[in-house]
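What TrEMBL lists as transmembrane segment is 31-50, 79-102, 114-134, 146-165, 214-237, 249-267, 287-306, 312-332, 344-367, 379-398.
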Amino acid sequence: MFGMRTSMGIIKVKMSNTTWDRETLASMDAAIFYGYFVTQIPGGLIAAIYPANKLFGAAIGFSCFLNLFLPSFQHKPHAFIFVKVIQGLVEGVTYPACHGIMRHWAPPLERSRLATLAFTGSYAGVMFAMPITGELVEHWGIVAPFYFYGAIGILWYLAWLWLVFEKPAYHTCIELKELALIETSLGGSQESYVAPSLTSTPWLTFFTSMPCHAIFVANFCRSWNFYLLVMFQASFFKDIYHVNLKENAFLGALPHLLMTIVVPLGGIVADKIRKKGILNTTQVRKLFNCGGFGMEATFFIVTAYAQAFTQGITALTIGVAFSGFAISGFNVNHLDIAPRYASILMGLSNGIGTMSFVTCNLMKSVYGYDLQTKEEWRIVLVFSACVHYAGITFYGLFASGEQQPWADQKAEIEKQQWSELDQPMPLKGSQVNSTIYKVFKNHHHHLYTTCRYRLLTETLRVQYLYDDHMYVRSCGSHQQ
């Protein structure tokens, strides 16, 4: 998805000289984000009610399918823009759906690591898209990236359908120990989870809760700089440092290369700090978010006043790399404060973040579609740094890492009657968590039966190994 978006930044440089005027290119930029903004909140609600993994996969697959049609409209700007709007509508559900998946799969003390690993894909997509698109455009023309990403995305979707499951209990190959660990760490929420509805969701509370506002503000600030780089970085290198298309693509990939390393690394470190009790969840989120924002803002100012090419590229690359630590702050925070509504909150915050594209574009339009001088770019970069400093202040004051009282599930759970067969069989030196049985009981009958069979088989196998071990020990003692 981010590969397709980033490729447009490279393609624009070529199209601006041959096919479309600047006003049309500006409309094309805005088209996908208008659609993307509209489906954020509905996407979050749908991901909370229906299987989020299916929603996520279908959105990516369909968007890539639409990408195959774009080359046919390269001389029909209105049709091209219409397809980009549809792509935006489809892609708008992806980030909320991602949190919907995490809600069932990520244990609390592993949320930072798992979530940042998932979000690394967006930065890896940008990193690979720049050099790949540069090569494709250079050798096969501007239509090649559309076909490339369309085909790759459809193949990915087929693999997703085969490998990904909605919940751990639905997975056909998961280890029982891992399943028990996930279910227990989530407090049995899998078995008792009641999907929120449009009427039961506390919409008003979302807009009166300061921890929610802290996430919204942080997402807006982070998105501001992210969109600035994704869409206008190529123009910055071209206008200020006069690099050619191929060099532009590789230089633009450098900051995002470091992001693919820093983002998951930050998640691992954040979880280790929490597990060891060095800092609580709130302190960890504030440390990583404010630290990442602060370093990026500082290096943006350095970039703005850099005189030499090497200084500017180095400062920009380091600043963007540091921003990767912020993903372990605000971007995981939804799962901390309201795991039940995580996908809906993600839709809200990402929708607000998408609005930063509009305001960022508006500021650029004051100087024309392309900023031509260092002085104009300096104003944009310094202003972007100030946006981050404002985000640091607000998030540092109001963010929280604790589940909010309004996020507790209020639905009454029926008390189920259990027979002796529903209880776990005792094991010597081991114990199968009874939560597994409860989860299985809520699934379809054939899945429940299959899982009970697997549990029974595993129980008998462990018992057999235990008895065999005792027998060997007994024989050894007799021989002595």
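Cβ atoms are placed via backbone N, Cα and C, with glycine included.
Keep in mind that TrEMBL annotations are predicted by a computer and have not been checked by a curator.
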Return the stretch with the most CB pairs under 8 A relative to the transmembrane segment (287-306), choosing among 79-102, 114-134, 214-237, 249-267, 312-332.
312-332
May I ask whether the transmembrane segment (379-398) has at least three C-beta pairs under 8 Å with the transmembrane segment (214-237), counting pairs 6 or more apart in sequence?
yes
Of the listed stretches 79-102, 114-134, 146-165, which one has the most C-beta pairs under 8 A with the transmembrane segment (312-332)?
114-134
Using a Cβ distance cut-off of under 8 Å, indicate which of 31-50, 114-134, 146-165, 249-267, 379-398 has the most pairs with the transmembrane segment (79-102).
31-50
Residue numbers, six or more beyond the limits of the transmembrane segment (379-398), whose CB comes under 8 Å of its CB atoms:
210-211, 213-214, 217-218, 220-222, 224-225, 228, 286, 289-290, 293-294, 296-298, 300-301, 303-304, 329-330, 363-364, 371
State the non-local partners of the transmembrane segment (249-267) in its own chain: residues 6+ outside its ends, Cβ under 8 Å from one of its Cβ atoms.
9-10, 112-117, 119-120, 123-124, 126-128, 130-131, 133-135, 229, 233-234, 237, 243, 288, 292, 313, 316-325, 327-328, 332
What parts of the chain pack near the transmembrane segment (31-50), using Cβ distances under 8 Å and only residues at least 6 beyond its ends?
5, 56, 81-82, 84-97, 99-100, 195-198, 201, 340-341, 343-348, 350-351, 354-355, 357-358
